Amino acid sequence: MFMNRWLFSTNHKDIGTLYLLFGAWAGMAGTGLSLLIRAELGQPGTLLGDDQIYNVVVTAHAFVMIFFMVMPIMIGGFGNWLVPLMIGAPDMAFPRMNNMSFWLLPPSFLLLLASSMVEAGAGTGWTVYPPLAGNLAHAGASVDLTIFSLHLAGVSSILGAINFITTIINMKPPAMSQYQTPLFVWSVLITAVLLLLSLPVLAAGITMLLTDRNLNTTFFDPAGGGDPVLYQHLFWFFGHPEVYILILPGFGMISHIVTYYSGKKEPFGYMGMVWAMMSIGFLGFIVWAHHMFTVGMDVDTRAYFTSATMIIAIPTGVKVFSWLATLHGGNIKWSPAMMWALGFIFLFTVGGLTGIVLANSSLDIVLHDTYYVVAHFHYVLSMGAVFAIMGGFVHWFPLFSGYTLNDTWAKIHFVIMFVGVNLTFFPQHFLGLSGMPRRYSDYPDAYTTWNTISSMGSFISLTAVVLMVFIIWEAFVSKREVLAVDLTTTNLEWLNGCPPPYHTFEEPAYVNLTS
């Protein structure tokens, strides 16, 4: 029975739960790695050993957080749980493939761990650039294991993307058009399209790297007519859409949370929100070389990538102001989920502003590979993606479990986390402007103060993570059951009660069209 339910599952709710648990578990591993980084950088001098070990930790931290925490939770967890419920589908289009998508992840995670355990580990950074990732600088199996790990995670995501696209297009009630689906469903659809188009390019790049390392091809070796910059183009053609893949489902969740706790029946500017997400998805594919301003591109090329990157600020601005307009005039309920959403809007905007700074190719020449970049992407990930995940979790926890969280503790948790992440990452802007480079385990004494403060912030965040575990435990032992949910007419996922029955929408939903 246990095996049939959890190992061979074809139920979107159970698979979503597996994704959430796996993502939470990986998130703990990723948090542990980040604390190793901040412990090393807490004061000048060496803590862990050499820079190879440090860079293995940094690389693992990135891969774990991106491929095993954010993506499984947002797309696998919330996506599986909510998309079928929101469109009134009985399950995903391909329920068994759905199960395989999940079960490819634990082996992938094990391969990544194995890569750290053999030889010297993969100290390449998450970008895995050759020649550092070649078989001279990284002899042994570490990088090869990392590449296999990425292959598995990539196959998992591609299959999941196919599944979501098919489900969303094909399994709506006959009367429901695409423009009547909730914004979270749209965000997952667009994310899935991005995954489907970008991951094969990554697969090609890392496969060529694999053959360069093991079969003496020279795709990225100038000695044989190759070019390491080709790898950078292939990697970032995936890598830039990837960062939008990480944030788009968050946009969808924030839209739902802000609408719900403003007491509105719909978000402000639904069509604008949809088109903005589609624009972001499209533009995300034509700006990749802004990660490569320092490799010696033509001035006209740099001018194009600078301006194209700045254009993304327009649809992003549409979304931010639409969220604010949704709040406007609403009967605002200061729930923990609303606090996460408001924190998201503010801090994501700050991260977006530093992104506009970095989009300027002239400035980026100076700021590239400094802590300014680290601060930028951690504002949009550690306070964008993670705040969206936390907001979505406390908002939909009653749906998933049938129990309510302790409101007061959840708010305290938010405050601690808010202080922690800001104290960790705000000082890194100063370090970057002062020229402290990324990916080094030690630094000149001049950088000590801000690094110490940053490391203190990371330990405050750790207390927040520990508190979150306690809050979830408290909810399950107290068993406060959900009595009633507001606004179910415009929030279809709550319609079947908390938690919903194992099978929902076994007969097609009746859709009442009102113009």
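The backbone N, Cα and C atoms fix where each Cβ goes, and this holds for glycine too.
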One of Ser401, Ser434, Ser441, Ser454 listed by Swiss-Prot as binding Na(+) at the site of Glu40, Gly45: Ser441
Swiss-Prot topology check: Asp298, Arg438 same side of membrane: yes
Same-site residue for Cu cation (record: Swiss-Prot; known: His290, His291; options: His240, His256, His328): His240
Cβ neighbour count within 10 Å of Ser441 (Na(+) binding site): 20
Within the topological domain 'Mitochondrial matrix' (87-94), residues counted as helix, strand or coil by DSSP: 1 helix, 0 strand, 7 coil
Nearest of the binding-site residues (Glu40, Tyr244, His368) to His290 (Cu cation binding site), judged by Cα-Cα distance: His368
Shell list (Na(+); ref centroid = CB of Glu40, Gly45, Ser441; cutoff 8 A): Leu41, Pro44, Thr46, Leu47, Leu48, Tyr54, Asp442
Contact check, the transmembrane segment (183-212) vs the transmembrane segment (299-327), 3+ Cβ pairs under 8 Å, seq sep 6+: no
By Cα-Cα distance, the member of binding-site residues His61, His291, Asp369, Ser441 nearest Tyr244 (O2 binding site): His291
Cβ atoms near His376 (heme a3 binding site) (within 10 Å, other residues, all chains): 24
